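Engineer: Quick one: this structure, given as structure tokens, is what I'll be asking you about.
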Amino acid sequence: MEILLTILILTLVVSLTSVLTRLSPVQIPLPLIQIAAGAVLAQPIFGLHVEFNPELFLLLFIPPLLFAESSKIQPKELIKHSREIISLALVLVLITIFGVGYVIHLLLPNVPLIAAFALAAVLSPTDAVALLGIVGKGRISKNIQEVLEGEALMNDASGLVALKFAVAVTMGTMEFSVHGATIAFFVVALGGIAVGNAVTWLYGKGLLLISRYAHDEPSIQIVLMLLLPFIVYLVAEHFGLSGILAAVAAGLTTSRIGVVHHAPIRLRIKAKSSWSMLEYVFNGMVFLILGLQLPGIISESLIRAENDPLVDTGSLLLNVIWIYLALMVVRLGWLWLMRLYSRKRPGKHPMLFAGYKTRHMLLATFAGVRGAITLAGVLSIPLLLPDGTPFPGRYLLVFLATGVILFSLVCGIIILPLLLGKNVGIFSDNRQKEEEAADLFMAKMAILSVQKTEQRLLRARTENLDNELIMETGARVIGYMRHSEEDMSPNDNSLHMQRAKLERTFNLAALNAKRAAIYQMRARQEVSDETLAKIVSELDVLETLIMDSR
């Protein structure tokens, strides 16, 4: 009963914080409000306590959220920016682990170097959800946003895999070697991707088979789709591979093989609604749970620091700032080196970094805010070593990671809006032009389809319809396509029903032609995936309205 009550309270608070954000006269990012709400709920007066289990947290929240995010991205977009994403999600993570790890060891000599590497590893993943909550949707150039989202999807896995290696070395269950760690890393990463692709492909085939026997019942298929990210995560983890990358690969594979957009209309609409609700609730709960842990983590860490003769409490707070600055310096330095390299060796397809100005580099630097993955990772560090002694400096690692999360969010809230200004796009997204071109092309194809349907009905005459009525109704629908404002009111109920039926026939033909047309334009790369998703979503809504008007 207590667990159910806690879930209901958290869900309610997620909704209320969203309302509070809209009503607030001062624009405060939703993640920060939810973290603050969680911290307030953790106070004794409310008595809400949620025991944080890192393994359960990673299983329950991370796979569906990463799956949902990656399913919105076309693999072509990731391939397009693959060099930029790999340089940030893999190379920069390794540089951060060693560079910032040494800084942490210098600041806290009583923390072993390998434990400092563990903290640096857990601090390397960035949080795209927190970033979106700070800057809002559509304010960052599409090209930069794609790179940052791709980085956030991939560096969660690279950071957590590196953390596992560092913890294993500290625990004495693994002997560190650069060659061995590199091979193990790629086996875990590539194996996770392979599992995600294979399981999703098989799952998609099974889903189509079930759909055939279930007569396209949306509820059954949606439940099965919701289970997919958990299944691929558990399968990958069972074989010692990266469950996070498996979930990301599953989302990308779902997008590529078109499991959803080839499905019946009712399934597409309900699936989008279900995933939208799940994302909304889970994202909110992630930040609420983060806030719920903060008071306990901070108070316990400060008490232990006061009783530790080797640690000064004041300098511990200052170390949070130094570590955050080290993260930003390493990130900015790497971006600067990549820009320099891209400009000196542009090739046929220069990297996006070549076009970065100073403001773009600062934006990409401070966009690297930290979030729930960092907290889950650091809390997954064991309390004790195999011999029963405490894990060296664990409470310090937890406190510093928590402090960096909060400090990165605060700095992002202050600095990013200043850097964004009115427009920071390196390249024009041309979204308006894309939509106008798509509307024009779809209208042409829709009119052509209506005309063909009209001719077919005139030839068939299977429903004993008057030729004039068919032509009149077809002209009316074509008029809609051309934004005509004609209004033809029926004189009698029978004629009205015939006209309504014909209008549905023509409108469905037009919508199907529009949908085919926009997919043709995307195949020819005349519109972006974002434009495609927006227009297809609008067409789905229109089709639902037409189908429901029977």
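Including glycine, each Cβ sits where the backbone N, Cα and C put it.
Keep in mind that TrEMBL annotations are predicted by a computer and have not been checked by a curator.
Pulled the feature table from TrEMBL, pasting it below:
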DOMAIN    14-419  domain 'Cation/H+ exchanger transmembrane'
TRANSMEM  88-108  transmembrane segment
TRANSMEM  114-136  transmembrane segment
TRANSMEM  183-204  transmembrane segment
TRANSMEM  216-235  transmembrane segment
TRANSMEM  280-298  transmembrane segment
TRANSMEM  318-341  transmembrane segment
TRANSMEM  362-385  transmembrane segment
TRANSMEM  397-421  transmembrane segment
Engineer: How about the transmembrane segment (114-136) with the transmembrane segment (183-204) - do they touch, taking at least 3 C-beta pairs under 8 Å (6 or more apart in sequence) as contact?
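Structural biologist: No, the transmembrane segment (114-136) and the transmembrane segment (183-204) are not in contact.
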Engineer: Same chain, outside the transmembrane segment (318-341) by at least 6, Cβ under 8 Å from its Cβ: which residues?
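Structural biologist: Those are 84, 87-88, 91-92, 95-96, 99-100, 103-104, 107-108, 123, 351, 353-354, 356, 361-362, 364-366, 368, 400, 403-404, 407-408, 411, in sequence order.
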Engineer: Using a Cβ cut-off of under 8 Å, list the residues of the same chain at least 6 residues beyond the transmembrane segment (280-298) that approach it.
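Structural biologist: For the transmembrane segment (280-298), the far contacts come to 10-11, 13-15, 17-18, 30-31, 34-43, 48-50, 52, 57, 61, 64-65, 129-130, 371-372, 375, 379, 398-399, 402, 405-406.
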